[in-house]
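**Student:** What follows is a single structure, and I will ask about it in a moment.
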Amino acid sequence: MSEQIVTPESSTPVVPNKEAKINLLDLNRQQMREFFKNLGEKPFRADQVMKWMYHYCCDNFDEMTDINKVLRGKLKEVAEIRAPEVVEEQRSSDGTIKWAIAVGDQRVETVYIPEDDRATLCVSSQVGCALECKFCSTAQQGFNRNLRVSEIIGQVWRAAKIVGAAKVTGQRPITNVVMMGMGEPLLNLTNVVPAMEIMLDDFGFGLSKRRVTLSTSGVVPALDKLGDMIDVALAISLHAPNDTIRDEIVPINKKYNIETFLGAVRRYLEKSNANQGRVTIEYVMLDHVNDGTEHAHQLAELLKETPCKINLIPWNPFPGAPYGRSSNSRIDRFSKVLMSYGFTTIVRKTRGDDIDAACGQLAGDVIDRTKRTLRKRMQGEVIDIKAI
């Protein structure tokens with residue numbers, strides 16, 4: 001695992017400036033109100049504009065009919081609503097859609113998963129990933145940069161625009177958001193938290209905090225910070241029943257071991273209402289690596305002090321990976337052991353694997369990792385991950 005990451009970008013300025021238009025997708029509601037105040041307008045104008053932006057997926061000020069023409073003219077001079085564009089779309093036979101979304105000169109991937117009673121969007125937080133988990137395709141691409149707020153919430157906006165805005169169709173285009181796409185969300189708190197605030201805001205997408213899930217591999221100091229910043233559902237990428245295996249497949253474990261990680265999880269649960277007292281454990285099933293019945297018993301003992309439900313994830317292959325997918329029989333035996341201890345255990349249904357949209361398969365378009373250090377020096381201060 002790389003010991004260094006690029007620092008998150010500084011907060012977006014909210015002072016109107018004709019020389020550099022502000023992308024309103026970069027602003028949460030508090031920042032939007034400050035922006036309108038600095039524009040000489042009443043704060044409620046921010047709520048009006050946000051409603052147009054997120055309820056109607058409107059990016060044209062002239063279409064905001066309850067806003068006077070003078071203000072619309074002002075907004076066109078100093079602001080814009082610019083979501084990242086879809087440059088490629090792939091549709092799976094099971095209804096899953098994967099969009100390649102342009103962020104600058106690179107791409108990230110966003111996945112839309114429709115079901116009978118919900119529609120889930122899997123959102124990326126970084127271009128690439130620094131954590132180098134051995135079973136994940138994204139990690140093999142290396143890390144390039146953090147996404148801005150507008151590039152994170154813009155994925156939700158763009159998907160809602162394509163599927164159909166709530167005020168247009170009469171129903172929510174997206175009911176759940178999972179921060180489980182490309183990147184480690186906790187290494188981009190500066191931008192991930194405001195984006196999630198917009199997802200939850202009634203003038204944003206208005207999602208329940210129980211329907212916005214952040215998944216982390218275990219950046220413990222940032223997880224402790226998260227608990228003081230926002231309350232959303234938490235999923236943890238555990239994937240191993242002991243430190244020996246986790247050190248190998250999830251290298252950040254060498255810095256923050258399982259005991260330290262689970263301690264931070266329990267602290268988050270104490271502060272959270274969204275999780276209703278328990279966390280979701282994600283456990284990818286790797287053939288003869290972490291999927292034996294002895295591993296299941298170890299996992300049950302490990303988690304006995306952590307209220308949780310367990311999602312077993314059949315591993316999704318990618319070229320050059322050194323692993324195999326566990327057989328259905330091994331997954332079934334593993335699941336039965338966990339249930340014998342009283343754990344709620346679910347085997348996740350694989351969706352979108354025929355278009356490389358399943359868990360662990362997102363790759364996007366990341367510049368060759370051999371240039372990582374040079375890129376970091378060019379893009380901003382390089383800091384030690386311990387500082388996060």
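Just so it is clear, glycine is given a Cβ too, placed from its N, Cα and C backbone atoms.
The annotation active site, proton acceptor is assigned in Swiss-Prot to Glu109 on the grounds of sequence analysis. Annotation comment: Swiss-Prot describes Cys359 as active site, S-methylcysteine intermediate, evidence class sequence analysis. Per Swiss-Prot, [4Fe-4S] cluster binding site is recorded for Cys129, Cys133, Cys136. Residues or ranges marked as S-adenosyl-L-methionine binding site in Swiss-Prot: Gly183, Glu184, Ser215, Ser237, Leu238, His239, Asn316. The disulfide bond feature in Swiss-Prot is assigned to Cys122-Cys359. Taken from Swiss-Prot, the feature domain 'Radical SAM core' covers 115-354.
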**Student:** I'd like to know which of these recorded positions, Cys122, Cys129, Cys133, Leu238, is least surrounded, judged by other CB atoms within 10 A.
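**Tutor:** Lowest Cβ count within 10 Å among the recorded positions (Cys122, Cys129, Cys133, Leu238) is Cys133.
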**Student:** If I take the Cα of His239 (S-adenosyl-L-methionine binding site) as reference, which of the recorded positions Cys122, Cys129, Cys133 has the closest Cα?
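**Tutor:** Nearest listed residue in space: Cys133.
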**Student:** Checking the contact step here: among the recorded positions Cys122, Cys136, Leu238, Asn316, which have a Cα within 10 Å of the Cα of Glu109 (active site, proton acceptor)?
**Tutor:** Cys122
**Student:** Using Cα-Cα distances with a 10 Å cut-off, which of the recorded positions Cys122, Cys129, Cys133, Cys136 are near Glu184 (S-adenosyl-L-methionine binding site)?
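**Tutor:** Near Glu184 (S-adenosyl-L-methionine binding site) by Cα: Cys129.
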**Student:** With Gly183 (S-adenosyl-L-methionine binding site) as the reference Cα, tell me which of the recorded positions Cys122, Cys129, Cys133, Cys136 is the closest one.
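**Tutor:** Spatially nearest to Gly183 (S-adenosyl-L-methionine binding site) by Cα position is Cys129.
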**Student:** In DSSP terms, helix, strand or coil for Leu238 (S-adenosyl-L-methionine binding site)?
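**Tutor:** Reduced to three states, the DSSP call for Leu238 (S-adenosyl-L-methionine binding site) is coil.
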**Student:** Check the recorded positions Glu109, Glu184 for other C-beta atoms within 10 angstroms of each C-beta and report the one with the most.
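**Tutor:** Selected residue: Glu184.
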**Student:** My understanding is the cutoff is Cβ-Cβ under 8 Å with a sequence separation of 6 or more in the same chain; which residues meet that for Ser215 (S-adenosyl-L-methionine binding site)?
**Tutor:** Val178, Met179, Met180, Pro185, Leu234, Ala235, Ile236, Ser237, Glu282
**Student:** Taking Ser237, Asn316 as the binding-site residues to compare, which has the smallest set of other Cβ atoms within 10 Å?
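**Tutor:** Comparing Cβ neighbour counts within 10 Å for the binding-site residues Ser237, Asn316 gives Asn316.
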**Student:** Asn316 (S-adenosyl-L-methionine binding site) to Cys136 ([4Fe-4S] cluster binding site): how many Å between their Cα atoms?
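**Tutor:** Pair distance, Cα basis, whole Å: 9 Å.
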**Student:** Please report how many Å separate the Cα atom of Leu238 (S-adenosyl-L-methionine binding site) from that of Cys136 ([4Fe-4S] cluster binding site), as a whole number.
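**Tutor:** So the alpha carbons of Leu238 (S-adenosyl-L-methionine binding site) and Cys136 ([4Fe-4S] cluster binding site) sit roughly 13 Å from each other.
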**Student:** Which residue, out of the binding-site residues Cys136, Gly183, shows the minimum number of other Cβ atoms inside 10 Å of its Cβ in this structure?
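**Tutor:** It is Cys136 that, of the binding-site residues Cys136, Gly183, has the fewest other Cβ atoms within 10 Å.
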**Student:** Whole-number answer please: how many Å between the C-alpha atoms of Cys133 ([4Fe-4S] cluster binding site) and Cys122 (disulfide bond)?
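**Tutor:** Counting only the Cα atoms, the answer is 19 Å.
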**Student:** Determine, to the nearest whole angstrom, how far the Cα atom of Cys122 (disulfide bond) is from the Cα atom of Cys129 ([4Fe-4S] cluster binding site).
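**Tutor:** So the Cα of Cys129 ([4Fe-4S] cluster binding site) lies 16 Å away from that of Cys122 (disulfide bond).
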**Student:** I'm checking region-level scores; what's the whole-number mean pLDDT for the domain 'Radical SAM core' (115-354)?
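**Tutor:** Summing pLDDT over the domain 'Radical SAM core' (115-354) and dividing by its length gives 94.
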